[in-house]
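If you check TrEMBL, you get these features:
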type	residues	note
BINDING	Thr9, Gly10, Gly11, Asn120, Arg163, Ser191, Gln292	UDP-N-acetyl-alpha-D-glucosamine binding site
COMPBIAS	371-381	compositional bias 'Basic and acidic residues'
DOMAIN	2-138	domain 'Glycosyltransferase family 28 N-terminal'
DOMAIN	185-340	domain 'Glycosyl transferase family 28 C-terminal'
REGION	364-390	region 'Disordered'
Amino acid sequence: MILLAAGGTGGHLFPAEALGVELIRRGFRVRLVTDERALRYSGLFSKDMIDVVSSETARGRNPFQVAYAGLTLAAGTLSAYSLIKRLKPVAVVGFGGYPTLPPLVAAKFAGVPGIIHDANAVLGRANRFLSSRVRAIATSLPGVLDRDPALSGKTTTVGTPMRPAVLAAAAVPYAAPEANGPLRLLVVGGSQGARIMADIVPGAIERLEPALWGRLILTQQVRDEDMNRVRAVYDKLKINAELAPFFTDLPARLASNHLVVSRSGAGTVAELAAIGRPSILVPLPGSIDQDQFANAGVLAKVDGAIRIPQTEFTSDRLASEISALAAEPARLTAMAAAAKGAGGSMPPSGWPIWWSRSRAFSTRHSGRAARRTDPESRDSGFARVASAPE
């Protein structure tokens, strides 16, 4: 049994799902520890494979909010400890987000080896707290912890595990729009949508040359509360638009579009890089570590994306960028090629090889795991790992 832990958004859940698929293929049983948000996702984890524990994000410095978050996380840790004692996993693997704190802290108390993975260009707050309490750290991108000698020794750059749907989409070559042909534009705002896209994108479409309106095939993620006002603009302009609060087939949609406008969460950036699609990225502002700004920079610095800070993200600016790119198909092709592979994606089949080299697990755990693996994974999975100090 391998216990996977992840926050309840796609950027955390999808890498956990990718690893879960590979572990099951190799003969392991897996379960997911998360929060209630994950229950709405369809994928590997059915409801009977999910354990929900209490968790809370520590927001701001209000002492009452901090105290409430602390008590909630403590309750979640006690629940996770009981779960670990009952399930007896050989390892707990966390993918970021506050819901990973209870199971990984509980694993530390229970003597179960822990690993964390961070797909961001900077370590997230939950993973930063856990970093000194786990056996090994995996990052999607190089250099994340190079300046911290206490952690760099147990850190390995392994990429972001990709779901089968992403790997399939990555095999689809990019085809730039033809002159005067359809221009496919995908607008997404993260796993919960983003109001800023509903505020800015319709105005940008209005500002395009009318000749582009007829070419445009627009797919946009829109929150329910914004749906009517956004649809009204596109109906007025007679834009061919598909609007929905959430797309379950996002990898295929990334592959089928010419240009993507999006936030720059770690999962989104990794999938854009795996599939190789040009993008306009608008980092979510306000986070302490500015992780989305750094994530967008990974693609922007190789000219695979255009990064626009939210303070500069206006309808005029977006219309200008879309118009310029629509007029330069060769530039779109170059951006797609530059993005391909730049974000640290990897097939999840490579993960067990890293585990075996990371010395992350103790002999007593690896022996139990080896008996549950198939012959393919005996040499590259948990079977050969040795003990390691934390």
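Here the Cβ of each residue, glycine as well, is placed from N, Cα and C on the backbone.
Keep in mind it's a predicted model, so treat the numbers as computed, not measured.
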Under 8 Å by Cβ from Asn120 (UDP-N-acetyl-alpha-D-glucosamine binding site), counting only residues of that chain that are 6 or more apart: Gly96, Ser140, Leu141, Val144, Ala266, Asp289, Asp291, Ala294, Asn295
Fewest other C-beta atoms within 10 angstroms, as judged across Gly10, Gly11, which are the binding-site residues: Gly10
Residue, out of the binding-site residues Thr9, Gln292, whose Cβ gathers the largest set of other Cβ atoms within 10 Å: Gln292
Protein Cβ atoms within 10 Å of Arg163 (UDP-N-acetyl-alpha-D-glucosamine binding site), excluding its own: 24
Reduced DSSP assignment, Gly11 (UDP-N-acetyl-alpha-D-glucosamine binding site): helix
Local backbone state of Arg163 (UDP-N-acetyl-alpha-D-glucosamine binding site), from DSSP in three classes: coil
Mapped DSSP class for Asn120 (UDP-N-acetyl-alpha-D-glucosamine binding site), helix or strand or coil: coil
